[in-house]
């Protein structure tokens, strides 16, 4: 197994900055400063000081979400798979690799944890999958390692740790509570929900699993409320549990924040101070309470997901599946088996297809990530567990308006699918495959990407190419012939990714992707051509011309393609110049001695007093060139001529003008 170029060295050396505030009087009198006491280093900080550069490397396999990672005091939940550099499996928490399927839980700064993970996990985001390459001293080979190595563990070897950060949140603290009535101490778990201590939770009985309700989940709970003196305010502990939708202000704000940290069947007391007591259907009247103590038992919650964030595509879980969410959901390239019933919402829920009726009772089978089902359908299924039944409400643009529409579904129809995920097959693991088998698998995925590209599904195609590139990070060619095949295939994949970026208007990213090929092989003809096209689309005409000329220089057989590209480039430049001439037209229509008044229209585009119908300066393929360039760092107002320089300069020269002054 080989580590590619995207390994990022994680530094272990932090700078300790001591900030001292001193009040200096106007007379600059000398003051005696009392020496500040240094806080003693924790055991983890002492361990981190032993890290040397290069002993820990990180490569991101799948990006995560959010703005920040975990920190000291956070409980982290993650899966771990350990392999040798040759790809041999050492151990794993995942059931697919012989583990129990239960993720690891640690509290940063509290739990005993391997040094490499202590340094690496705080760099991750929620949902991220990362590969850490560790020297022996970063795992069980560390001197005085606080964790004993498992039997037969190769603690003297350099290893790969694949980590998936599932979740992290503030950890519960163990505290001692004194009961004044029994005059005794008891141990309880306290969670500070808000930093100002306005919402605090005391756990009575631990819940099941790790998932907690969030917006817009549907929640059922037994709830009662008392004042700090024990006076009962309200009670909803008989009949049916109280039902509310999370995030809809149907319970007081502080109570909802506390429930958002609970798991199924957990019992807790949530202490809420006055600033977090808001009116709601549960408590329509809020009296002058300093604090309210809510006793809560979280009976059940239904996962409801706003897939797009705008309320149009909603997935509502009807029946729980088997396994833990999201670890046991289908991966991107899984083979899925589902039963579904589709109905048209605005036609009294008319059923237009039911696999159990219209498909002879056979389920639908399809591979995810290949555009074989409507986008809203696939997005929802990928967040389901085996055995789960979900009700999905989908808008037309994510249903059949952009997908081959059944004959009995009208255009613009809002669709509701009832989907049952029967099961799925995981994508083929490349671990242990020989080089030829790996390249065959890569070719299959690349061909699927090519099909998606031809169908205009550029994001899906790009995902296929990028999947193979990620897998290539762990491929180690054994000889020169394999090395050449591997390098050529990797370059081809990079250029395919660049083509996808170009198709969706991401010209700068297309150029950067081409650079990955050209930095290793500057004379790569296809790389020069693809980058030249991206430069041209981005309005960087001179750079594009240089790439097309270089094509002819390094490979005479590429001359026809380069000549055609230069011809297209010339047409593009002429089109831009023509539009610029039209923009400047009013300036040169005046007689000698007259001054053409130049002003800006309402949109900020320069125009003359005689020609207000200036066109937007855009590329031939419809990509606005202003959107494709970074804003200049100089924020000072520019003259209107500078907007078209050097194009404007060429126009002046063609008209025989050497200098133009605007009065």
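Yeah, the Cβs are placed from backbone N, Cα and C, and that goes for glycine too.
On a predicted model such as this, the values are computed, not experimentally measured, just so you know.
Features as listed in TrEMBL:
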| type | residues | note |
| --- | --- | --- |
| REGION | 28-49 | region 'Disordered' |
| DOMAIN | 73-169 | domain 'PPIase FKBP-type' |
| DOMAIN | 235-302 | domain 'PPIase FKBP-type' |
| DOMAIN | 333-425 | domain 'PPIase FKBP-type' |
| REPEAT | 525-558 | repeat 'TPR' |
| COMPBIAS | 593-602 | compositional bias 'Basic and acidic residues' |
| REGION | 593-639 | region 'Disordered' |
| COMPBIAS | 614-637 | compositional bias 'Basic and acidic residues' |
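When the domain 'PPIase FKBP-type' (235-302) is classified with DSSP, helix, strand and coil residues number 10 helix, 26 strand, 32 coil. For the domain 'PPIase FKBP-type' (73-169), the predicted model reports an average pLDDT of 90. Residue counts for the repeat 'TPR' (525-558) under DSSP, split into helix (H, G, I), strand (E, B) and coil, are 30 helix, 0 strand, 4 coil.
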